[in-house]
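As annotated by TrEMBL, domain 'Major facilitator superfamily (MFS) profile' applies to 112-530. Sequence annotations record features per position, and here TrEMBL assigns transmembrane segment to 21-45, 189-208, 214-236, 248-269, 275-294, 361-385, 391-409, 416-435, 441-464, 476-500, 506-525.
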Amino acid sequence: MPSLDDILENVGEFGRFQKQTFFILCLLSAAFTPVYVGVVFFGFIPEHRCVSPGVAELSQRCGWSLEEQLNHTVPEWGSHGAGFGSRCRRDAGGLNATGVRRYEVDWNATGVSCTDPLGSLGGNWSTVPLGSCQDGWVYDSPGTSLVTEFNLVCEDSWKLDLFQSSVNAGFLIGSINIGYIADRFGRKFCLLSTILANAVCGILLAFVPTYLWIVILRFLQGLVSKGCWTAGYILVTEVVGPTYRRMVGILYQMAFSVGLLVFDAVAYAIPQWRWLQLTVPLPSCFFLLYYWCLPESPRWLMSQGKNDKAMKIVSDIAKKNRKQMPSHLEDIKFEEEDSGKQSPSFLDLVRTPQMRKNTFILMYNWFTSSVLYQGLIMHMGLAAGNMYLDFLYSALVEFPAAFIIITTIDRVGRRYPWAAANLVAGAACLVTALVPEDIHWLKVIAACIGRMGITMAFEMVCFVNTELYPTYIRNLGVVVCSSLCDVGGVIVPFIVYRLVEVWQDLPLVVFTVLGLIAGGLVLLLPETKGRVLPETVEDVENFHGRSAAKAKKIYLHVQTSEV
């Protein structure tokens, strides 16, 4: 009996209909970028220092340049290149307190020397007492951010962490619930509802006046945005034939990389965070037009027993692709052995041995990919640099990773390149940790190889995840497993920023262990190269067998005109 993949081979696996669907969903993928990595620009921390009353007037009287003013009036200004942390610690009476350091002197006093102001006040840089910042901060930046508007530095710096944690918490909670909605009510309904919610939350973020409401809206945006991206990924892989499935999956993720480049350019042109926040969700408003452009997944309709609607979409695909539907496929119906539609259940992910093994291995690989992907960016970002250029470089490295996948995956399959990518990423992290600091260029090359390897692993876990679950639970399986990605996103800042206090490269050793284990576990998964998507749990359990591609729970019965 023919399967849906067999029908797509006749009406077009990646014709005009699928290309149109793919293009408009890629726009959705690119628009997800500001939600996922927006904190880089929305919450950037510029060079900052205490406001010291009287310093501006003294500088004007003495005719100092800005650099001279800073050297004379800001403690240890020359050492600030080491990082911001030194400005948030002071010693007073043997107690450690928190606050940007400033000299506890009266700059408005008469007789302050222009050549040695501290000396004329009865001290020097080592003897003048240091105090906390009580009169506000000065930020050396032409733009604005959450940090500059709400003074999220030193004792309030944790609030910036909470800003990013809130969206990851939204990812974690929302993706599971929205995944269930997509499997229960359809991919199209899920997409449109989450697009609307994401646009509303994004626009409101640009106008709310308080930090508390910003965090609340950021959490709500996380609730819907990742589930929306995942539902789009599922839909685009379900409407194409098996020959093009892996390609559109990789290119859908590459659209996210294109979004990184566009977002970087927009952020450079709009350095004020509220205007930037207002700009980036506007395309989502136009995505509501997808109601007339996007089809529902025929695979999902098939799994829900909506036979007529499924065949209507198949006919539309044939018409749009300018293909003639074969006469023996024009009138088909679907019969289900257990009668009625199949409803997704969390227990289905772990009820049988192969499903259970797939689920746990995929969960670990999602977790590892997130920790290494974000952790390498954070670790390389410990060194100060041009924010926009650093972001550009980190985005560009994702394109060769996608190119390697596209050119090799059909030759050797999914499993071995995926395992190799994890192993290379782990090994590169170890090399980066062991290379001496004086050979900086080699450390950078090793770190870039690690970043490329984990980018490949991240892209592959996404589309292989869809190939290892049956249709009726595919979206739920992806969002449940990918929820470990969000858990990794919550944990990785602690791995990086706490362990570097012990040893600068200790996080890389942790990444090495995680990556090597992930590569080994991938080898335990079945190969999905050339296989049709499984329709039932039985298909998954038989995936290792030769007949797995032919096993079906749902049969397509052909009614020819002769019958």
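Cβ atoms here come from the backbone N, Cα and C positions, even for glycine.
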So are the transmembrane segment (189-208) and the transmembrane segment (391-409) touching or not, going by 3+ C-beta pairs under 8 A with a sequence gap of 6 or more? no
Annotated stretches the transmembrane segment (214-236) and the transmembrane segment (416-435) touching (3 or more Cβ pairs under 8 Å): no
Who are the long-range neighbours of the transmembrane segment (506-525) in its own chain, taking Cβ under 8 Å and residues 6 or more past its ends? 357-358, 361-362, 364-365, 368-369, 371-372, 375-376, 379, 415-416, 418-423, 425-427, 429-430, 432-433, 450, 453-454, 457, 464, 468, 495-496, 499-500
Answer key: the stretch among 275-294, 361-385, 391-409, 476-500 with most Cβ pairs under 8 A to the transmembrane segment (21-45) is 275-294
Hey, which of 248-269, 275-294, 361-385 has the most Cβ-Cβ pairs under 8 Å against the transmembrane segment (391-409)? 248-269
